[in-house]
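As written in Swiss-Prot, here are the features:
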type	residues	note
ACT_SITE	Lys11	active site
ACT_SITE	Asp133	active site
BINDING	Leu93, Val94, Ser95, Ala96, Gly97, Leu98, Ala99, Gly100, Gly101, Ser102, Ala103	ATP binding site
Amino acid sequence: MLKFLVKAPAKVNLFLHITGKRSDQHHYLESLFVFVNVYDILEVDVGGSKRGVYFSNLRISKYNNTVYKAIELLLKHSAVCPNVSVSIIKNILVSAGLAGGSADAAAIMRLLGNMWNIDYTLLQDLALKIGSDVPACLESKTLFAKGVGEDILLLPDLLLPKYIILVAPRGKTLSTAKVFNNYQSATYSPSICDKLPVKQDDWMELICNAKNDLLEVALKFVPEIEEILFVLKQLKNSVIARMTGSGATCFALFNELSHAEDAARKLQMTRPDWIIFNAKIL
C-alpha cells in the first residue's frame, strides 16, 4: 500500500463576470483566479483494503462527493484498478465561494493522474466533468478562466498584492447551484478577453474596475455580505474588497503583511460572528 499527504489550496476570484448562457443553462464566465495558503489536507492510501472518501470533521457521504467522483473517473481511464481511500481534514470553508470541493477533487486528480500516467489534456477534460472550478484548481496558480471554466490562461508572472484576509459570516453557507439558478440579468457583462492588459501595472486597474456579477443574488440569501464588504472597504490600507465566487466569503487585499495582520487582528477582536483567515496568495 502506498501512502501520500496532499494539500489542496482554496481559490479566490478577484473578479467574476457572467458573459452569457449556453443552451444547457451553464453560464459563460470570465474570472481571475488566485490561490491562497488555506488548505484542505488529504491523506491518500492507494492499494489498501479500504475504499471511499472520509471527512474527519464533517458529515459528508463517503461515496457522494467530488473526490470520489474524481477517483471513479480516473479509474475508468487507468490501466490499474486499486482501492483508493482518502481521509480529508477540511480547513477550507464549505459552500463559501472558495472551491473547497473542487480543490480536493483537483488535488486527488493531480496525484493519481501522475501516478497512473494519465495524459494531462485528458485530465483537464475529466476535471470539467466534475465542476467548472476543477480545471482551474488543477492548475492552482494565478490564471484567467473563461467559457464554462475550460479555457485557461496561466498568468504566473502577474504581480499582485500578496496578502489577503478572507471573511465569512459564521454559520452561513451558500450553494453555488442555488446562486447560479437564481441569477437573472437582462444584459450580461461584456467580454474583456480582448482587453486583457499587456503591462503588469494595468492588471490592478482592471481588477479594481471589475466586479462579481453574483453579488446581487448572494445578498438575497445572505444579506450579511453587505456589511462585511462595507467594513472591509473601510479598513486602513485595503487595496480592494470583494466577494469571491458565489459567496458568502469576501476578501480584502493588502500590499504589506503588517497591514493585513493588523486588519485581521482588529476584526477578530470585534467580530466574533465572522470567520476570518489571514492568508497569502500563492
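Backbone N, Cα and C define each Cβ position, glycine as well.
The most crowded of the binding-site residues listed here (Gly97, Gly101) is Gly97, judged by how many other CB atoms sit within 10 Å of its own CB. Non-local contacts of Ala99 (ATP binding site) by the CB criterion (under 8 A, 6+ apart in sequence, same chain) comprise Ala10, Lys11, Ile92, Asp133, Ala136, Cys137, Gly245.
According to its DSSP assignment, Lys11 (active site) is in a strand.
Of all the binding-site residues listed here (Leu93, Ala103), it is Leu93 whose C-beta has the fewest other C-beta atoms within 10 angstroms. Cβ atoms within 8 Å of the centroid of the Cβ atoms of Leu93, Val94, Ser95, Ala96, Gly97, Leu98, Ala99, Gly100, Gly101, Ser102, Ala103 (the ATP site) belong to the same-chain residues Ala10, Ile92, Gly245, site residues excluded. A C-beta separation below 8 Å, combined with a sequence spacing of at least six in one chain, links Ser95 (ATP binding site) to Thr173, Leu174, Ser175, Thr176.
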